[in-house]
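*Asks:* Below is one structure. I have some questions about it.
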Amino acid sequence: MLLVRQLFGASANSWARALIIFVLAWVALVYVFVVKLTSTQGQQAAGESELNARRISQALQLLEHTRQRNEELKQLIDELMSDQLDKQSALKLVQRLENDALNPKMAADVVGPEPEAMFESAPADLRGWNNVAEAVAAGNDLMEADHGEFGGGGGEPSLEYEFTRRRIQTNIGEIWNFFSSELGKVRKAVAGGHANSADLEESINQVLLQGAEHKRSLLSDMERLRQSDGYEAWRHKEARDLSDLVQRRLHHLQNPSDCQNARKLVCKLNKGCGYGCQLHHVVYCFIVAYATERTLILKSRGWRYHKGGWEEVFQPVSNSCHDAGTANTYNWPGKPNTQVLVLPIIDSLMPRPPYLPLAVPEDLAPRLKRLHGDPIVWWVGQFLKYLLRPQAPTRDFLVAGMRNLGWERPIVGVHVRRTDKVGTEAACHSVEEYMTHVEDYYRTLEVNGSSVVRRIFLASDDAQVIEEARRKYPQYHIIGDPEVARMASVSTRYTDTALNGIILDIHMLSMSDHLVCTFSSQVCRVAYEIMQTLYPDAAYRFKSLDDIYYYGGQNAHNRRVVIAHKPRTHEDLQLRVGDLVSVAGNHWDGNSKGKNTRTNQGGLFPSFKVEEKVDTAKLPLYPGV
């Protein structure tokens, strides 16, 4: 076929080029036809008639395929005669002819594989398509001008492509959750004293080990797909453009031309909870301010973490409008013309507007759904990006802290929450549980034979956790400050030193390549939200040992059923395609828990049978920005 490619680049007669293609394709297809008719020799006599009948049927289908190919060749000749064949269509036809000529098995697949061949693995050379590598490379050169700077067929991916890619990535993890959980149960059962339990347990261990390796390979392939699909430049540009748009809108909102007469929303920082919870409280206030086109006024004097207020740690939320002025203030919901509105905490907000999390702006939703795996996390992250712009001393402290701890990549951020959370809001998880997922991440990085230094940044409110991890995992380079952990304990949490420590912890967690934590912790969720501002899509850069992502005080979290489900046990939900399920959580065993909004029944359902329903709300468009 090298001759074919040479002819396409030369000035030889068009008829001669088409004739060569025709002859090569015809020889390959006749060869397949003859092989199929003669391959029954040696079969047992009793089955010859049935096999021959099937072979003849397949041969007839193959001849029909040949007829269709002849039609394509005729069309090619016609186009060549009229000089209307463009390079790209020529390339595609050359590739198809090469595939059939050099891989007769691929041509035979048109009429269906033999039953005994359905379970064979594809040879490595077919998986790599080495026989058309030159044609593909040439095609890349030919199509470069048409595809623009982003690569790919149309310059940017379709929503369906991005959605399917993310769905595959999610479901790879879900199927592994299922099998690992079920086989784990069997392993525990057989370890109870059966005669051959040791052998059976070892067999199951091997299944789990090999299954984990298979999962890592698939995830590695998915990452390679993302890197090589030609859309990475588009993702970075789209993420940057969307973020710049939102940041400009927030700056416009927060710096009105006439502060005295601007409509304002007053938010009091000192909610009775910890740092992560208070950050989420301010974000909620900011979302309401954005939705109502009101300048956010943050009341932070006497802040329990820093008496001097927010503005001494982070930059002011406004450069020109710092207080509510002398106008009368009214409590939520007020009226559209109310100049100054005071917002309560989200837990007691009534009435509840539709734009609270988990909703994203309707005008941004089409772009967000295509760009990001979890749009609401991106949306919340944009408010944190604006709010957490550090003052110079804070910035210098963060830079020095990372340098002193020896920050390098790759690194996994691990947050272990203990003290006041355990036994009240969350269960206690051992260090081993966290490290299982850290090890899995690094083994995925090394699945292709590379070797990396295993580093983790370990943050906790219990200093003993850091010491325990260093003792049990000497093969890891563990960075973390036990003193910061001690200051994060309940008794010393609300001090300037403790505030610096939690700011540094969240900053370094968000800067990590991957997060392992519990989403029941607001600190972990804040780090995850900030992480979204550092990548085009960091939705999958985490492993939570308990909850799925949620926003405290959120509206319902719904997912849409895409595959029907018949209950297997009394705990299962019955699902129809199109049903909405209000999700309560993921059991991380292949099943999630929720309530079918159609039947109003609660229970379990396979996680892979639903897809995320992105809620949207009509919000101001800020046309002047």
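In case you wondered, yes, glycine gets a Cβ from its N, Cα and C as well.
All TrEMBL annotations are machine predictions without curation.
Grabbed the feature section from TrEMBL, which reads as follows:
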- 56-83: coiled coil (COILED)
- Cys259-Cys321: disulfide bond (DISULFID)
- Cys267-Cys285: disulfide bond (DISULFID)
- Cys273-Cys277: disulfide bond (DISULFID)
- Cys517-Cys524: disulfide bond (DISULFID)
- 261-545: domain 'GT23' (DOMAIN)
- 351-357: motif 'SH3-binding' (MOTIF)
- 15-34: transmembrane segment (TRANSMEM)
*Asks:* Looking at the disulfide-bonded residues Cys259, Cys267, Cys321, whose Cα is closest in space to that of Cys273 (disulfide bond)?
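*Replies:* Checking each of Cys259, Cys267, Cys321 against Cys273 (disulfide bond), the shortest Cα distance is to Cys267.
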*Asks:* Please compare the disulfide-bonded residues Cys259, Cys517 by how many other CB atoms fall within 10 Å of each one's CB, and tell me which has the fewest.
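*Replies:* It is Cys259 that, of the disulfide-bonded residues Cys259, Cys517, has the fewest other Cβ atoms within 10 Å.
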*Asks:* Between Cys517 (disulfide bond) and Cys267 (disulfide bond), what is the CA-CA distance rounded to a whole number of Å?
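*Replies:* The separation of the Cα atoms works out to 30 Å.
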*Asks:* Rounded to an integer, what is the Cα-Cα distance in Å between Cys524 (disulfide bond) and Cys277 (disulfide bond)?
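*Replies:* Just about 11 Å between their Cα atoms.
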*Asks:* Of the residues in the motif 'SH3-binding' (351-357), how many are helix, strand and coil by DSSP?
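*Replies:* DSSP composition of the motif 'SH3-binding' (351-357): 0 helix, 0 strand, 7 coil.
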*Asks:* Compared by Cα position, which of the disulfide-bonded residues Cys267, Cys277, Cys285 is the closest one to Cys321 (disulfide bond)?
*Replies:* Cys267
*Asks:* Identify which of the disulfide-bonded residues Cys273, Cys277, Cys285, Cys321, Cys524 has its Cβ surrounded by the largest number of other Cβ atoms within 10 Å, counting every protein chain shown.
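*Replies:* Answer by Cβ density within 10 Å: Cys524.
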